[in-house]
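One structure is given here, and the rest of the page talks about it.
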Amino acid sequence: MNRLQHIRGHIVSADKHINMSATLLSPLSTHVLNIAQGVPGANMTIVLHRLDPVSSAWNILTTGITNDDGRCPGLITKENFIAGVYKMRFETGKYWDALGETCFYPYVEIVFTITNTSQHYHVPLLLSRFSYSTYRGS
């Protein structure tokens, strides 16, 4: 290993540590896994919404892009994380297009209810071109 590779290893490790810290600080996290190819779902756009209980309108809270590990650190701050109904929209069609593939689902929306804001909620997305699955992780 030459000196530049050694230095790069420290920088990449630091970046992963920073991203993991941001993930741990956010009370809501996700992880996209491309189960068809056995790789993380990198570079996928995710839009986080919260339902307004009065108007029944979906309000966009944030937009992010998954990193090389398929994660989207810092989706929401603890201050903005209140009880309510949330929706994560994953732009799966654009993801598969970028890989030169077609898919059946142009996007995936996962709607869930938050009641206890002191807990951490993990909402992973496992997907292939023709199916997807999710669950509530910790």
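Just so you know, glycine gets a Cβ as well, placed from its N, Cα and C.
What Swiss-Prot says about this protein:
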BINDING   HIS31, ARG71, TYR135  substrate binding site
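Counting only same-chain residues six or more apart in sequence, the Cβ atoms lying under 8 angstroms from the Cβ of TYR135 (substrate binding site) belong to PRO124.
The Cβ of HIS31 has fewer other Cβ atoms within 10 Å than any other of the binding-site residues HIS31, ARG71. In three-state terms derived from DSSP, HIS31 (substrate binding site) belongs to an extended strand segment.
Farthest C-alpha pair in the substrate-binding residues HIS31, ARG71, TYR135: 15 Å apart.
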